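Here TrEMBL flags 14-143, 158-292 as domain 'EamA'. Feature annotation from TrEMBL assigns transmembrane segment to 38-61, 73-93, 99-121, 128-146, 158-176, 188-209, 221-242, 249-271, 277-295.
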């Protein structure tokens with residue numbers, strides 16, 4: 001049991017580190033083309049999912065050996081849809097509302113995860129877990145509100161609603177993935193299906209905004225490929241794997257450590273020193289996640 005717990009901790013830790021590199025690669029890709037607008041953000045998301053899907057082509061062979069107890073396909077396909085919805089709504093929200101508001105709202109995923117886990121899975125959160133959620137969300141709000149220079153909001157109401165949809169979609173995506181695995185679909189086949197569906201849904205969006213996929217510097221494609229390899233294949237896959245082994249709320253709380261990890265990486269790579277507000281928010285996040293881990297240690 002102790003070995004299993006250590007394995008879960010190791011996988012989740014690797015996942016947090018991997019997803020923390022996401023914002024680093026996004027900045028490097030944006031700097032390589034001198035662009036950071038909505039259209040290019042969708043280009044990065046679509047190509048990230050497309051590259052991840054291509055790298056997972058060998059995983060489709062796992063279909064031949066798959067022994068399912070119940071039909072997992074609707075859940076895997078649904079997970080891909082909600083993953084695409086998460087990226088599309090959250091990224092679009094950044095162009096309509098402030099970065100601070102979008103960040104705070106999209107980090108409400110643990111609240112929705114707790115509600116859905118209770119309603120759908122019959123897994124009510126403990127009192128300590130509820131306290132942990134409150135502390136972690138408070139820390140996330142402190143980190144998000146540290147960035148108040150996100151520019152004027154074009155349509156804050158719509159932007160805030162889209163960010164909230166992004167949080168809801170992330171929770172549903174992870175829960176559907178958990179159910180697909182519970183019904184007998186291996187993690188390799190599941191992520192191949194979900195990531196491919198997400199890619200197919202995201203790829204048509206940038207052209208609608210007048211953006212294409214060709215003509216960028218080679219370095220841009222390198223950073224996008226690294227997004228697919230680390231934040232997506234290592235990061236998201238680690239989270240999906242852990243969903244079958246620990247309480248879903250714990251997994252969603254662990255993802256809140258992404259801005260903390262990203263801040264540390266930005267310090268090392270860009271010499272970008274986090275503000276005191278970000279540091280205090282990060283400490284609150286760590287406290288909240290630590291309490292959640294303690295409350296779910298069994």
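Note: Cβ is positioned from N, Cα and C throughout, glycine not excepted.
Bear in mind that TrEMBL entries carry predicted annotations, made automatically and left uncurated.
Looking at which of 38-61, 73-93, 128-146 has the most CB pairs under 8 Å to the transmembrane segment (99-121), the answer is the stretch 128-146. If you take every residue in the domain 'EamA' (158-292) and average the pLDDT, you get 92. Residue counts of the domain 'EamA' (158-292) by helix, strand and coil are 108 helix, 0 strand, 27 coil (DSSP-based). Secondary structure by DSSP for the domain 'EamA' (14-143): 107 helix, 0 strand, 23 coil.
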